[in-house]
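Among the features that TrEMBL reports, domain 'Kinesin motor' is placed at 5-182. Per TrEMBL, the feature ATP binding site maps to G84, Q85, T86, G87, S88, G89, K90, T91.
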Amino acid sequence: MEEIPVKVAVRIRPLLCKEVLHNHQVCVRVIPNTQQIIIGRDRVFTFDFVFGKNSTQDEVYNTCIKPLVLSLIEGYNATVFAYGQTGSGKTYTIGGGHVASVVEGQKGIIPRAIQEIFQNISENPSIDFNIKVSYIEVYKEDLRDLLELETSVKDLHIREDEKGNTGCAVWDATSVWSDERC
């Protein structure tokens, strides 16, 4: 497999109805045919991927996440990190809203990845798969384990691993895994 370095994507959401009603203005523009955006009048930023306000969930998934899912099937690890201020569209991009009621085209990264992973598992019955998932929210300086119903009783911290590696690990996070044939 080709080594996949860290890639950064930006997705610009359209103004919400309440923002339009309050005459808010769009402050981020995509420079056509580039991977750049302009914030304000002249601040230009370059990313690996840029998705404008009319981008679809499918477009974001197929461009950014599908290659990671395919590498997962080959046995590699992958991490998706959504970053942005409150109200910037992270939850919509990651989940698509209320998962139980999301229409197919609005499904976010997580439901699409789960569907594709388990589809691949069912198509490869001779291969043993072991899946382990964590879902962590970092808000301000607090960590929330989104797979743990009683997060408030769990004290999560970011630390170096036990070998002193420079990378960080979140210890004591809930992990959900399956090594059963699906």
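Yeah, the Cβs are placed from backbone N, Cα and C, and that goes for glycine too.
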Report the mean pLDDT of the predicted model across the domain 'Kinesin motor' (5-182), rounded to a whole number.
81
Candidate with the highest Cβ count within 10 Å, taken from the binding-site residues G84, G87:
G84
Are there residues of the same chain, six or more positions away from K90 (ATP binding site), whose CB falls under 8 angstroms from its CB, and which are they?
A82, Y83, G84
